[in-house]
Amino acid sequence: MKNIRNFSIIAHIDHGKSTLSDRLINTCGGLSDREMESQVLDSMDIERERGITIKAQSVTLDYHAKDGETYQLNFIDTPGHVDFAYEVSRSLAACEGALLVVDAGQGVEAQTLANCYTAMEMNLEVVPILNKIDLPAADPDRVAKEIEDIIGIDAADAVRCSAKTGVGIDLVLEEIVRCIPPPVGDLTGPLQALIIDSWFDNYQGVVSLVRVMHGQIKVGDRMKVMSTGQVNPVAKVGYFTPKQKETGILKAGEVGYVIAGIKDILGAPVGDTLTISGHEAAKALPGFKRAKPQVYAGLFPVSSDDYENFRDALAKLSINDASLFYEPENSSALGFGFRCGFLGLLHMEIVQERLEREYDLNLITTAPTVVYEVETTRGEVLHIDSPAKFPAMNDIEEIREPIAECNILVPQEYLGNVITLCVQKRGMQTKMVYHGKQVALTYHIPMGEVVMDFFDRLKSTSRGYASLEYNFVKFEAADMVRVDVLINSERVDALALITHRANSESYGRDLVDKMKDLIPRQMFNIALQAAIGSKIIARSTVKQLTKNVLAKCYGGDISRKKKLLKKQKEGKKRMKSVGNVDIPQEAFLAVLHIGKDK
């Protein structure tokens, strides 16, 4: 066990985690040059296209160190984006140390900070590494000082490397062996293994990625899942080199996979503990705290025949993505679907894209909302995640909106723009500290404003240099209203939205104007209205298409023309009373883009 090292790589988006992990795999000979491709561990198409890591992946490598010993390095690549922080905390729970990778040109960013503090709270050894020293903009000395100032760990001797060119990679490996402590565990005791991740394989059932804390697990053991009490015989055990390599046994301190032919999708929940039936551990390992969804949106299949497939797809996806929450919902406009909870907007986009790609579904999404706390006049307190579930306005005593604490790191020259943006988003400044050229700001901003487009606008006002990390702190009373959209005097529940009263009128006006361009014209006028309760705050009309019924009258008597026009008018009136309007998917998405063009 003294030769095992378990570690993760934590870093901000685009600081070179995946490239560094490629280089480590290559150096230790995990894959031959022919099999090597860039971003080996980003196995999903979406990860490659967007250039981001979404899922944590694990690899076991053998490293022949300079002291003549061979070390087993188990490392877990983690995502850097703020929406996938939950994946990071799970990966860190399985490790004794973490490599903190910082771009020597960009310096410390907010997400680096957040993940680094998570690692420190778990008492992990944090090893700083300055990456991308081959870039002309790199300034490793300044960045090393930044790490000391902002994070407070000693970075004077930090390894300087370039994952792209391979410079300094052997130093990184030596540093891992030297600084990160070996795991401690009892080899002979009862088995305790933590499930870091699970996914569903059509042939093998549930595949679980586990970290064995105590004891050992081998093929043929009767494995018991502690939360459900289910017992299954172990079929395969091994680790990833990144390819699956069967070893038949995993001992304390090791990270690998276990397949026990579990066909039930919820058979091995993430964060659970595995033990062996008959020689059981006394208690389960402390799991992870569940990530609470911050954003909710309705997902509906375009054709109602896909509902069953959609339900199965969500079940399979949720085993792999433990932070996804869903429950059935039905809408008068869109039929049956699910209300899903996500960690943020990027998470929502990724989930929708994975469902459409991997399961071949066609989906409509409604506008995302956050959870509001509503106190009714009867004194009940409700948590509401959908505008459709809001009680009538006169039954509401008080609405409280969730407030997020946002930590923003921004270079001094963009400070003014960022402060202006935070004020527009109804933010309250609580702290501001200067660290060299960087400024650390802390704001309390309503979660509803943060999840809509705050991240995008923060990036554009600061030319991409500002970085953001946020978490929920409290509910606070606010003057919120529900804006309903009426099409031909009928409410469309899927388009309702909750917003602050001060912005509601301009919001309603923008929305109906935008929808006017998206709804196809009919043979009769379509009235689009935005309303708060029974008060109409904005209106716009989709003009009718008119057929020229007088085309075949040459000259002739005026009464003949009047008769034809009257007949047309009656026909339109009848049509309007029975005609219904199809709303295209773009109209539902229009809600997301209000205010972006300003």
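Cβ atoms here come from the backbone N, Cα and C positions, even for glycine.
Residues or ranges marked as domain 'tr-type G' in Swiss-Prot: 2-184. As a whole-number mean, the pLDDT of the domain 'tr-type G' (2-184) in this prediction is 74.
Residues or ranges marked as GTP binding site in Swiss-Prot (evidence: sequence analysis): D14, H15, G16, K17, S18, T19, N131, K132, I133, D134.
Counting every protein chain shown, the number of other Cβ atoms lying within 10 Å of the Cβ of S18 (GTP binding site) is 26. Pairwise Cα distances among D14, H15, G16, K17, S18, T19, N131, K132, I133, D134, the recorded GTP-binding residues, top out at 17 Å. For the recorded site, S18 (GTP binding site), the DSSP three-state label reads helix.
Listed in sequence order, A104, P140, R160, C161, S162, V167, G168 are the same-chain residues six or more apart from I133 (GTP binding site) with CB atoms under 8 A from its CB.
The highest number of surrounding Cβ atoms within 10 Å, among the binding-site residues D14, G16, N131, is found at N131.
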